[in-house]
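Asker: Quick one: this structure, given as structure tokens, is what I'll be asking you about.
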Amino acid sequence: MKWKALFTAAILQAQLPITEAQSFGLLDPKLCYLLDGILFIYGVILTALFLRVKFSRSADAPAYQQGQNQLYNELNLGRREEYDVLDKRRGRDPEMGGKPRRKNPQEGLYNELQKDKMAEAYSEIGMKGERRRGKGHDGLYQGLSTATKDTYDALHMQALPPR
């Protein structure tokens, strides 16, 4: 009995819809235009507020004075460079424990190549002599284990027929 009632209710719901979207007026074009207008005004207001905050920050930045008691101060390089030498006036090297740095007049930022010395060492690349061990094809297949080498030696390579 329950199955008959359930089956009848399912068929009635499929054939006779209870509500439609038209009954609420959601497909009315006037309502869509109204909602589009509201979203457009909302977007314009948000864009105006964002631009006001963005451009007012750059004008307010000099108003903040950096003091000694402030927790976070902006980096002020002043007359220092990005890679400045520490303790420049005394010429001490912090990597050597503060000992004075020896200045070598020949030591520059870049050393030039000395072609005459380089030419002697690399003027000619010598060739190593060929090593021949065992049969003639050992040079092709190096590093074979003894079992694999025996199998290789037992097989004879045949020449390919000409094309």
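Backbone N, Cα and C define each Cβ position, glycine as well.
Source: prediction; values computed, not measured.
Sharing the record's features from Swiss-Prot:
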SIGNAL    1-21  signal peptide
TOPO_DOM  22-30  topological domain 'Extracellular'
TRANSMEM  31-51  transmembrane segment
TOPO_DOM  52-163  topological domain 'Cytoplasmic'
MOD_RES   Ser58  phosphoserine
DOMAIN    61-89  domain 'ITAM 1'
MOD_RES   Tyr64  phosphotyrosine
MOD_RES   Tyr72  phosphotyrosine
MOD_RES   Tyr83  phosphotyrosine
COMPBIAS  83-98  compositional bias 'Basic and acidic residues'
REGION    83-111  region 'Disordered'
DOMAIN    99-127  domain 'ITAM 2'
MOD_RES   Tyr110  phosphotyrosine
MOD_RES   Tyr122  phosphotyrosine
MOD_RES   Tyr141  phosphotyrosine
MOD_RES   Tyr152  phosphotyrosine
Asker: Around Tyr152 (phosphotyrosine), how many other C-beta atoms are within 10 angstroms of its C-beta?
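Answerer: For Tyr152 (phosphotyrosine), the count of other Cβ atoms within 10 Å is 16.
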Asker: If H, G and I count as helix, E and B as strand, and all else as coil, what does DSSP give for Tyr152 (phosphotyrosine)?
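Answerer: Going by the DSSP assignment, Tyr152 (phosphotyrosine) falls within a helical segment, counted as helix.
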